[in-house]
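Copied over from TrEMBL:
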- C73: active site (ACT_SITE)
- C73: active site, proton donor (ACT_SITE)
- C215: active site, proton acceptor (ACT_SITE)
- N11, Q44, N64, G74, N75, N156, N188, E206, R207, G216, S217: substrate binding site (BINDING)
- F267: site 'Important for dimerization' (SITE)
Amino acid sequence: MRFTKMHGAGNDFVVLDRRDGSPLPPRHELAHMADRHTGIGCDQLMILTPAQRPGSVAGYRIVNQDGSDAGQCGNGARCLAAWLHRDGALQREGVLDSPAGPVFARVLDEGFEVSLSAPRFDAPSIPMTGVSSDESGHRLRVGDCDVRFGAVSMGNPHVVIEVDEITAAPVELAATLQSHPAFPGGCNVGFVQRVTRAHLRLRVIERGVGETLACGSGACAAHAWLHHQGRVDEHTAIDLPGGRLGATWAGGREEPVRLSGPATFVFEGTWNS
Ligand SMILES: N[C@H](CCC[C@H](N)C(=O)O)C(=O)O
C-alpha cells in the first residue's frame, strides 16, 4: 500500500489515496500504521476518498493515532491540498469534501490555505453538557481547580483555555477534561496566550493523540473564541511548538475560518500489511 508522509508545522500525517473508492484498511491496521514505534508514525491518517459533491476535487476521512475518527483536521486538509496540487488534481483552488462539510482549499504563494466551517459556540454543537456558562465563557470544577474556558466546534470539539504565559500552561488538566462527562464526544484542549491582538501562542492536547506540535482546527478555535470575545483582530499569527499558522475570521455567523501555513512532503513509502 503506497503512502505519503507529510507534516504541517510539525503536525504529521500519513496520506493514503483511496479516491478509487477501494475499502479502507481495518481500523487496527490504521492505528498500527500511526504507531511511532512499530509503524510509520503520525498524529493522523488522512485518507483521500471519492468526491461527494459535483465539482469537488476529492473527499477525505481523518483517523487519529489511536484509531478513532475525527470530524475535522485543518493541517491535514492543508497537506491534502498540497498533495492534490502536486498530483495535478487541484490547480490554484478547489473544494474538498470533509466529514464536516465542504472545505475550500487554496494554493498560496507560500503555503496552503483551507476555509473550515463557521465556528459554532453553542453547547449542543460541541457537544457539551452540564457546565455553567455566562457571556464570558464556561466553567467546570476539575479536582481543586475552577477551570474557565471557551468551547468551539470547528467540525470537531475544542476547549480553549486562556493562560498568561504559555510555558506555564497547566497541560495536565487536559486529560481530565478530555474524559469528563461534560464532553460526551471527548475534546481537543488548547491553551492560548494572547500576546497582542494579532499574535497568539498556543499548545494543543489533541483527542486521540496527545500533545501535537501544531493543530490547525485548534488554531482556528482559539482565534474564533478570542475574536468572539472581542479580544483579537480579524487575523492572528499563531505560534505553536512546531511552527506558525495564520487564522482569519471576522466574526460573521456563517463565515468560515481560514487557516494558512506550510505543508511539507517528508517521504513516500510502501506499507506491507
Ligand atoms: N491535527 C488536526 C486536528 C485533529 C483532530 C482530532 N485530534 C480530533 O478532533 O479528534 C488539525 O490540524 O486540525
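In case you wondered, yes, glycine gets a Cβ from its N, Cα and C as well.
Overlay of TrEMBL feature records on the structure.
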residue: N11; record: substrate binding site; contacts (Cβ under 8 Å, 6+ apart): D43, Q44, N75, G76, T212, L213, A214, C215, G216, G242
residue: N64; record: substrate binding site; contacts (Cβ under 8 Å, 6+ apart): A34, D43, Q44, A70, E206, R207, G208, V209
residue: C73; record: active site; contacts (Cβ under 8 Å, 6+ apart): Q44, M46, I62, N156, G216, S217
residue: N188; record: substrate binding site; contacts (Cβ under 8 Å, 6+ apart): N156, P157, H158, V159, V204, I205, E206, R207, C215, S217, G218, A221
residue: F267; record: site 'Important for dimerization'; contacts (Cβ under 8 Å, 6+ apart): T4, K5
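A sphere of 10 angstroms centred on the C-beta of N75 (substrate binding site) encloses 36 other C-beta atoms. Residues N11, Q44, N64, G74, N75, N156, N188, E206, R207, G216, S217, recorded as binding substrate, reach a greatest CA to CA spacing of 16 Å.
Under the three-state DSSP scheme, N75 (substrate binding site) falls in the helix class. Excluding the listed site residues N11, Q44, N64, G74, N75, N156, N188, E206, R207, G216, S217, the same chain places D43, I62, A70, Q72, C73, G76, V204, V209, T212, C215, G218 with Cβ atoms within 8 Å of the centre of the substrate site Cβ atoms. Reduced to three states, the DSSP call for S217 (substrate binding site) is helix. Sparsest Cβ environment among the recorded positions R207, C215, S217 (other Cβ atoms counted within 10 Å): R207.
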